[in-house]
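Annotated features, as they stand in TrEMBL:
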- A:248-252, A:287-294, A:385-387: FAD binding site (BINDING)
- A:7-133: domain 'Photolyase/cryptochrome alpha/beta' (DOMAIN)
- A:542-571: region 'Disordered' (REGION)
- A:W318: site 'Electron transfer via tryptophanyl radical' (SITE)
- A:W372: site 'Electron transfer via tryptophanyl radical' (SITE)
- A:W395: site 'Electron transfer via tryptophanyl radical' (SITE)
Amino acid sequence: METISKKFTIYWFRKCQRIHDNKGLLDSSIQKNLLPIFILDPWFIKSDKTGTNRIKFLLESLSDLNANLKTYNSNLIILYGNPSDIFEKLAKHSENLYFELDTEPYALDRDRKVQKICEKEGVQVHRNAGHTLLKLADLAQAGESCKNMGDFLQFIKESMIDKPLEKPDDLPSLPADYEKILKSLKIEYSNQVPSLSEIDRNENEATASLKGGETEALNIMNDYLKDKKKVNNFSKPFTSPNSLKPSTTTLSPYLKFGCLSPRLFYHNLKKVMDRNATQPPVSLVGQLFWREFFYSKSYTVKNFDKMVGNPICKQMNWERNEEIIRKWEMGQTGFPAIDAVMNQLRQEGWMHHLGRHLVACFLTRGHLYQHWEAGRDVFDKYLLDADYALNNANWMWLSCSSFFSQYWKVYSPISFFQKTDKNGDFIRKYVPQLKHYPAEFIYEPHKAPIMVQKRCKCIIGEDYPLPIIDYKKEGAINMQRMKQVFADSKDQSIKEEKKSISVTPKKGKVVKEESKSNTKTIKDFMSDKNQVKKAAEEWALGEDQNIQNDKKAIHSNQNLSSKSRKKSLKQ
DNA sequence: CTAAGTGTTGAGTAT
DNA sequence: TATACTCAACACTTA
């Protein structure tokens, strides 16, 4: 019987790298023998798909978490290995497992395996959702019923967004014999967060300025909220993509790792904003709603990260020219604005949203006509805030594959940045070879007379590349290609409609209605509550049963918790 | 049924 | 320096 009392309660940190608004941590804090862990999964840390800057951000975030846990006389334990392998060993010595749900396909699969292993050993698995504003059932319904942001804004209601939870008052200290047990199980562990070099990363590649961690996240947020005017007037399209100091909050990496709770940010924004504040989708709350909308789509759309087999993605004949893609990645296109943004990406792991637009449009439909998946992979490698839902959604948006279809609106690699940075200071910073160029030539340095190039100590074609394409020519060609793609897919959909009618000519009308009901609008959903329920059930049937059970459990779980919170508020 | 309006963030030119 | 118009014209909703 003595062994039973020694069993662990595990809180498994993954994306929810914070003390505040963390339901699982709060719940686990009343258990005995609490072991807070983070697993350094080779899938993430050893993958050449993950850049060093993001690893650096993660380690900083974990160090901050560890420091916070130490103020409770607890400690973060780092485990090394594949989560399934670890839980195969650890489950026998555990009583409870707490973690926050993650809707990414990799995570859903990983967690399903871990849960199976744990349940076999009689471990109680407690899952909570705190990575999005909405509860998972609402998120799923939004994903099913909302085609665009307009739909989503009608769908989301303030009452759906729970208030953030306080951090725990106390945490139990570590189980006395945890080291002995981990050793006997042959689980590689450390009670310190490793350095980059300890996990075989080159420290010289860690060049990003943003520092990970909950403390940093709260500081940045609180600083930003102090300027009420700035918060109230925030309008995304009018923020500058190429100011030397970021014109937006830079909170995205903190939301990605869960250093900051989106619900805390949301409710804090609400406190600061007044009646005259800008509104979604352009306001700061709007930015959280974009995140939410894309999460809802990524949760419900199959093959969201691919063109083929993705029902919302336009099928196009993209090219994959490795040489062109690598030049774009490494800032070697000969277009200073493009190269500056790509250099900023590799150096800082962060770019302004519109900088991302510029280079993504250029790579895909605008000029180079390369596959959006190739660009997505490059962003996924270098971005601190790389996020399955947002990255894929935005690449589909910019390439006119989904959500957006006005393909004739193309960003100019020359003039778009000139509007907000005539002198080219941003270029001078991120393409330093060009720093002596006069403003007149800085966006098109190959046009500078050779005398000017010599004087500026940067010969184009030697010290900085010539433009890899004639952008006006290629832009015109691509415009025609896009026109053709859209015309073809229009033909296709008309053909399909005719086909479906001709199969059942007498029931043409019925067929039409049926096809309409397949693409339910938000209004249909809102107008009839039973229909909402029915649709949710229909959706549930088509889903993997395991995931579905997750969602149901979470929904009822959260309902309960919000009720009990209200109760405790009354008392 | 048609026309007009809307969609987070276009460019180039004229006034 | 700011605003309006034109370019060429998708997908979808509303009047």
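Just so you know, glycine gets a Cβ as well, placed from its N, Cα and C.
Within its own chain, A:W290 (FAD binding site) has A:M149, A:P281 as residues 6 or more apart in sequence whose C-beta sits under 8 angstroms from its own. A:W372 (site 'Electron transfer via tryptophanyl radical') and A:T250 (FAD binding site) have their C-alpha atoms 24 Å apart, to the nearest angstrom. Taking a C-beta cut-off of under 8 angstroms and a sequence separation of 6 or more, A:E292 (FAD binding site) has the following same-chain neighbours: A:T132, A:L133, A:L134, A:L139, A:A142, A:F152, A:I156, A:P262. In terms of DSSP secondary structure, the domain 'Photolyase/cryptochrome alpha/beta' (A:7-133) contains 56 helix, 29 strand, 42 coil. Here the Cβ of A:S252 (FAD binding site) has 20 other Cβ atoms within 10 Å, regardless of which shown protein chain they belong to. The secondary structure of A:W318 (site 'Electron transfer via tryptophanyl radical'), as reduced to three states from DSSP, is coil rather than helix or strand. Note: the CA-CA distance between A:W395 (site 'Electron transfer via tryptophanyl radical') and A:S252 (FAD binding site) rounds to 17 Å. Note on the recorded positions A:F294, A:W318, A:W372, A:W395: the fewest other CB atoms within 10 A surround the CB of A:W318. Mean pLDDT of the predicted structure over the domain 'Photolyase/cryptochrome alpha/beta' (A:7-133): 96. Within the same chain, residues at least 6 positions away in sequence whose Cβ sits under 8 Å from that of A:T250 (FAD binding site) are A:L210, A:I220, A:W350. Within the same chain, the residues at least 6 positions away from A:A386 (FAD binding site) whose Cβ sits under 8 Å from its Cβ are A:R54, A:K256, A:F379, A:D380, listed in sequence order.
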